[in-house]
Amino acid sequence: MSPTDPLDDEDTFKILVATDIHLGFMEKDAVRGNDTFVTFDEILRLALENEVDFILLGGDLFHENKPSRKTLHSCLELLRKYCMGDRPVQFEIISDQSVNFGFSKFPWVNYRDGNLNISIPVFSIHGNHDDPTGADALCALDVLSCAGFVNHFGRSMSVEKVDISPVLLQKGSTKLALYGLGSIPDERLYRMFVNKKVTMLRPKEDENSWFNLFVIHQNRSKHGSTNFIPEQFLDDFIDLVIWGHEHECKIGPTRNEQQLFYVSQPGSSVVTALSPGETVKKHVGLLRVKGRKMNMQKLPLRTVRQFFMEDVVLANHPSLFNPDNPKVTQAIQSFCLEKIEEMLDSAERERLGNPQQPEKPLIRLRVDYSGGFEPFNVLRFSQKFVDRVANPKDVIHFFRHREQKGKTGEEINFGKLIIKPASEGTTLRVEDLVKQYFQTAEKNVQLSLLTERGMGEAVQEFVDKEEKDAIEELVKYQLEKTQRFLKERHIDALEDKIDEEVRRFRESRQRNTNEEDDEVREAMSRARALRSQSENAASAFSADDLSFDITEQTADDSDDSQSAVPSRGRGRGRGRRGGRGQSTAPRGGSQRGRDTGLGISTRGRSSKATASTSRNMSIIDAFRSTRQQPSRNVATKNYSETIEVDESDDDDSFPTSSRADQRWSGTAPSKRMSQSQTAKGVDFESDEDDDDDPFMSGSCPRRNRR
């Protein structure tokens, strides 16, 4: 369909769907720094050219939890450029906006704000990269929401129970129920689904007349026993699921035969990991919804940097490489050079006729050197391609896989055998490393009071969210809780008995996962509150508080400049913003200037010594210490619908058949037809070959639901 197709009438929703844009990814890289912004510009331009009703984002709009000023500025600039204007919004919102956007200071959709002139509304959930953090649980999307550019929905305020209330939209006779669930740690959400703590609310009136669209940002592929969300967990009244977080582009809706809904995985719009899933061509989707029918048109992204990957197993070429040959390294280098040149030639051929595509491609050659071979110097080899590829430092990746006990003669499956580094998008997580360490550590270094899970969560907060006080607050909180337990039990002050009671108390907490979750949340909230207090205290200093003798400062700078070379190329004498004689710590760190005479320091030597002493106290010492800190406290579907997948930009239209014609034919043999099942009536039209299209089958049974 073209943007001016007559079937795009007042009853048809046109929605641009995208996920995982990752604005700011590698923004400091000289070659790839602007890739995310250029592609985001293309996505918004596609929305404008296709005259969509709104844009739907599936999380991870930003790559960093705390995006830089450049990233925020570029994002706001593009949203203002494309999403503001005089074009009227053709649909209305009929749900309670105070429920949909209740966590915002402006609990209404942005295009209904009289102070804003929005032409293309943007609805977005948050992902795991830009999720809410801090004492106030804010994220970068909340900044965009407050500015009036994004409608942030799908946010859960509770960690015990999730009630998903839909945003109800109507355009003409078409009713769209938009459900969203921002990123939640997979293990926690998995447990909530198992315990029936996730509820998707439905409209009270005429619930079967709504097209139900659900946006989620979780692991779809299985990374562990509970580190993913099975599609079977989702309610079966859903019609289409937009699945974010997974970067491989599988935007064509696929049918879940158990729940009988469709899943579309748009994938990322930028290559963030040099892994096989990222080699798939990137697309966004133009979703049309009319009544109970839908059509998904794939729109290729033409500004995405090319990415080519190839695997080489040296042992598979015995005629070319002999490990005992002293010149085998030179032969391997020549072979790798030839492979990379082939990929560069392929990139050049594909780039012809597309001036929007970046000139330098991403190239990755993975070399398995098992069998007695030795890797060569990758950095020296990569210097040949500095001016030709966008990733010269990691063009080649050497690896070895462990020898298998039994040879099956099958081809090597790199996805199963390769131990990928973190740079290739593996799911290596901090809390898993902590758990693995304590599982393999010797007995004398095992935790006796703290829990592995709590420590893992605290370290993850420290690494991912830069919560510098997370570990310290967790230790203090669990120590306080243990002390209270021992006091309540009136344990004798015998070291052996106290150690035994502490061990039992720790084991009981480990068995009670809910209690341990509460401990971690309380400790993290205390760490965030402490950081917020430190930030407020740092920002409370005025120019009068930090004033000093300009003459002394100038003399001091003059002396320093004669005796030492500055280590940073920053200007001197910055006034109230701080020169070399000042140092401000925005997060509560040390604020000691050099020769300023202010004596402002939040953590002097004495405090460090005290902290070190308290950390080294044993359990018995802590218990005996007299100084105590205060404690801190489903309906049956009887409708039919039509779903189409458009693989090209050619004109196509919604089927004009009657309601009876939209139902599946019952002539094709099927084992399930004898079970009195009714068809959901989902039909696909595609430009691909019918033999390869799983949606063009003559019959698709549907069972009756209770």
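Every residue gets a Cβ built from N, Cα and C, even glycine.
For the Mn(2+) 1 site, Swiss-Prot gives D20, H22, H247; the one candidate out of D53, D60, D206 that the record lists there too is D60.
Of the residues H152, H217, H223, Swiss-Prot places H217 in the same Mn(2+) 2 site as D60, N128, H245. From the options 87-117, 273-303, 335-365, 366-396, the stretch Swiss-Prot describes as region 'Interaction with NBN' is 87-117. Other residues of the same chain near the Mn(2+) 2 site, with their Cβ within 8 Å of the Cβ centroid of D60, N128, H217, H245, are T19, D20, G58, G59, H126, G127, H129, S183, Q218, G244. In the three-state DSSP reading, D60 (Mn(2+) 2 binding site) counts as coil. It is 18 Å from the Cα atom of H217 (Mn(2+) 2 binding site) to that of K282 (UFM1 cross-link). In this structure the alpha carbons, written CA, of H245 (Mn(2+) 2 binding site) and K282 (UFM1 cross-link) are 14 Å apart. The Cβ of K282 (UFM1 cross-link) has 24 neighbouring Cβ atoms from other residues within 10 Å, across all protein chains displayed. With DSSP states grouped into helix (H, G, I), strand (E, B) and coil, the region 'Interaction with NBN' (87-117) comes out at 7 helix, 2 strand, 22 coil.
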